[in-house]
């Protein structure tokens with residue numbers, strides 16, 4: 001549980017403005033928390049009597065469960081505050097809801113919201129620590145951190161590694177958080193996907209762009225496949241799922257041409273047979289389940305580091 | 001945690017039949033619990049091993065969260081048992097559901113139900129303590145108590161204060177609980193709103209009625225604005241939201257004519273710009289967020305006092 | 001909490017393949033846990049730091065609450081992971097969801113699923129203990145066990161007792177689990193209902209079939225009424241609810257012709273006036289609420305026994 005403590009922030013809103021020292025502090029803390037979930041008694045008293053609120057404006061059983069388990073294993077009290085789309089429409093504003101929650105003496109608010117920037121608005125108006133659990137198409141920083149943690153576990157380092165991110169870059173908050181974190185830590189990032197799904201600002205972010213998956217995958221240390229959000233894409237941004245799978249799906253044939261120690265990642269949930277073939281999703285080089293596992297450790301680290309930050313503030 | 005203990009009831013169903021001594025016992029207990037939520041470790045072992053069930057037949061994230069946090073800070077085990085309208089229709093009766101819950105050895109059942117009187121029916125058939133968290137248009141006693149607590153915090157007394165409650169009195173369980181409690185404690189209550197939204201029994205309840213907000217607000221110590229439930233009103237009981245805001249909305253102009261130390265209250269969620277203007281909702285005289293904060297303390301007090309009552313009974 | 005320990009299984013998927021010794025081990029453990037829920041402090045540290053996931057693909061507030069309370073009274077951390085029908089359609093497969101949950105270091109997964117056999121599939125792919133909380137029309141073993149426990153409490157024995165199960169046998173996982181358990185323990189089982197609702201394999205299972213409720217009820221020690229699932233039956237498998245109640249409903253007239261010490265059981269929720277008349281559901285011979293109460297004790301026993309099993313495995 002010892003970290004050198006260079007994480008003096010109130011909130012975690014994104015990886016864009018974190019320093020490499022701050023990111024490494026989270027990864028180091030996560031390493032020490034990783035062991036707790038492997039014990040028979042998976043619980044420490046670290047956050048006993050602290051209140052964590054999961055404020056979710058989008059349904060997300062997986063991410064919510066990961067934060068809920070992280071909080072419970074730290075002995076925090078956690079309450080799920082789910083706002084359905086319908087009640088958000090007729091109900092109070094995000095700001096009023098957040099102020100209400102804070103008035104109940106929350107310590108940390110974990111927020112997922114369909115609007116990019118919503119957690120930043122929240123963070124400005126509440127004294128509680130705010131963790132962005134995904135805002136629109138903007139950032140999903142705890143996912144970016146758990147991906148970095150997982151790569152570091154396997155490669156023993158981060159700087160200088162080559163990462164290829166494949167899929168719908170435009171709409172992916174996972175891609176965006178990873179790109180920010182990876183660029184800060186000195187990884188080389190290439191994105192690949194249909195031209196309609198790659199935003200123009202990539203080169204400004206120090207990211208290479210390619211449309212040729214077959215060529216790009218031969219040179220990379222990590223292949224990160226993104227989920228095609230079939231429920232969201234109705235704009236004809238790519239021709240068909242079959243065509244997408246043919247051009248940008250990861251399968252055995254493609255993998256045979258990658259480095260033998262390439263890491264395969266995916267934030268889940270997986271569309272088997274679309275962006276990744278079933279046999280590759282389940283192969284020994286696939287880290288998909290390790291990512292999920294490390295997600296709990298990273299979120300324990302975040303809750304711990306931000307609660308400590310909150311103490312600091314309260315003492316002022 | 002010391003109270004003089006004059007609260008020997010099994011249930012809290014409403015403020016109508018509570019004595020002034022009983023109400024003051026709750027407020028006194030709430031004062032001692034208020035401090036717990038301000039600690040770094042917001043948790044005491046008072047109700048360890050007690051089972052609290054939140055039985056909600058209406059969606060209410062705010063009130064449910066307040067009770068859930070109150071229970072958890074007292075170390076009770078709390079389970080949310082939410083019955084959607086659709087499943088209530090095809091499922092078992094309220095009585096059977098309550099008996100089932102009780103059979104799982106619940107200690108306290110917190111119930112919200114769209115039918116006035118439903119918690120009273122429940123209280124008769126279960127041995128568990130029952131707390132009415134809102135029944136139809138009847139009572140919402142924990143809201144009434146937290147409002148009284150909040151006024152007392154600011155005025156240092158309750159007896160003799162003048163309170164003006166503004167809005168849809170007819171459909172407001174918040175207004176009804178406040179009126180009962182305030183009358184018992186010797187406050188002077190005036191209600192104000194469109195004639196179509198003020199019930200005839202007001203004078204029998206010892207309450208003055210006025211339709212002239214501008215006149216009434218000059219003489220009062222507390223202005224309590226009620227929420228216009230825009231999702232419920234389709235009967236043409238008032239002309240339009242704009243017209244409602246003009247006649248019965250609290251804004252800067254109106255507030256300038258009130259006493260300088262007038263308290264502004266609202267049970268939330270607020271319809272900004274309808275019953276209250278945004279600047280007034282957020283001004284220093286507005287106690288809206290303090291009400292939310294005090295709600296947790298009052299609910300901790302209720303859970304504590306009723307669990308003690310339950311012990312008494314079990315010992316017979 | 002002492003049991004002789006003859007329960008070396010990883011999972012509880014059904015009663016079909018449990019030995020009589022295994023069933024009796026669960027009932028014996030349940031007896032020791034029953035007392036905990038009757039204490040003022042209903043909580044023991046047995047499963048502290050263990051993670052229980054309620055993975056429900058069908059809405060079931062009652063069964064989920066029973067497992068949730070059982071887990072909390074054993075001090076486990078419990079997370080509800082509810083998958084709505086709609087999100088299951090567009091989301092990941094059951095297998096992927098289970099692997100994800102397990103990656104978060106779950107110890108026990110309690111699963112309800114509309115497809116018969118789904119928990120068995122899960123049990124094969126995860127190392128966590130799996131408890132079947134109802135799969136399609138197949139089994140609901142914790143219900144069967146709590147029914148056996150309840151009968152034993154009242155009759156002091158199980159072997160040789162005559163049980164009559166009445167209703168829609170074909171679609172009842174409750175009936176199926178009871179039949180397996182009862183046959184293994186040497187009870188005589190007769191099923192009764194409309195011919196369209198009794199499956200052909202009954203005789204192979206060692207069960208007698210009758211269509212004459214009035215004749216069968218005179219000779220039985222236990223009458224177990226099943227719920228008519230009015231929301232599911234639209235296939236014209238029986239003429240009408242009134243006709244059903246006339247032929248297969250339990251009422252005062254019928255009960256008068258049964259043994260004076262006959263036990264009346266029903267898994268709930270009850271359709272009053274359909275399969276059982278209100279006065280009989282509430283009469284002193286009805287064990288309906290005791291079944292609910294014993295359900296928590298049986299589920300505590302299962303969580304305890306399977307967590308111990310999980311330890312054993314982890315040590316290999």
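Glycine is no exception: its Cβ is also placed from the backbone N, Cα and C atoms.
TrEMBL has this to say about the protein:
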type: BINDING; residues: B:62, B:63, B:112, B:140, B:143, B:268, B:269; note: carbamoyl phosphate binding site
type: BINDING; residues: B:90, B:173, B:227; note: L-aspartate binding site
type: DOMAIN; residues: B:10-153; note: domain 'Aspartate/ornithine carbamoyltransferase carbamoyl-P binding'
type: DOMAIN; residues: B:159-306; note: domain 'Aspartate/ornithine carbamoyltransferase Asp/Orn-binding'
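Close to the recorded carbamoyl phosphate site, the chain also has B:60, B:66, B:133, B:134, B:174, B:267: residues not among B:62, B:63, B:112, B:140, B:143, B:268, B:269 whose Cβ is within 8 Å of the site's Cβ mean position. Mean pLDDT for the domain 'Aspartate/ornithine carbamoyltransferase Asp/Orn-binding' (B:159-306) in the predicted structure: 94.
Among the binding-site residues B:62, B:173, B:227, B:268, the ones whose Cβ sits under 8 Å from a Cβ of chain A are, in sequence order, B:62, B:268.
Secondary structure by DSSP for the domain 'Aspartate/ornithine carbamoyltransferase carbamoyl-P binding' (B:10-153): 68 helix, 27 strand, 49 coil.
Among the binding-site residues B:62, B:112, B:140, B:143, B:268, B:269, the ones whose Cα sits within 10 Å of the Cα of residue B:173 (L-aspartate binding site) are B:140, B:143. When the domain 'Aspartate/ornithine carbamoyltransferase Asp/Orn-binding' (B:159-306) is classified with DSSP, helix, strand and coil residues number 61 helix, 24 strand, 63 coil. Cβ-based crowding with a 10 Å cutoff singles out B:143 as the top-ranked of the binding-site residues B:63, B:143. For residue B:268 (carbamoyl phosphate binding site), the same-chain residues 6+ apart in sequence whose C-beta sits under 8 angstroms from its C-beta are B:62, B:227, B:288, B:291, B:292. Remark: residue B:140 (carbamoyl phosphate binding site) has B:132, B:133, B:134, B:173, B:174, B:176, B:177, B:267 as non-local neighbours, by Cβ distance under 8 Å and separation of at least 6 in sequence.
For residue B:269 (carbamoyl phosphate binding site), the same-chain residues lying six or more positions away in sequence with a CB closer than 8 A to its CB are B:62, B:227.
It is B:112 that, of the binding-site residues B:62, B:112, B:173, B:227, has its Cβ surrounded by the most other Cβ atoms within 10 Å. Among the residues the record lists as binding carbamoyl phosphate, namely B:62, B:63, B:112, B:140, B:143, B:268, B:269, the two farthest apart have Cα atoms separated by 17 Å.
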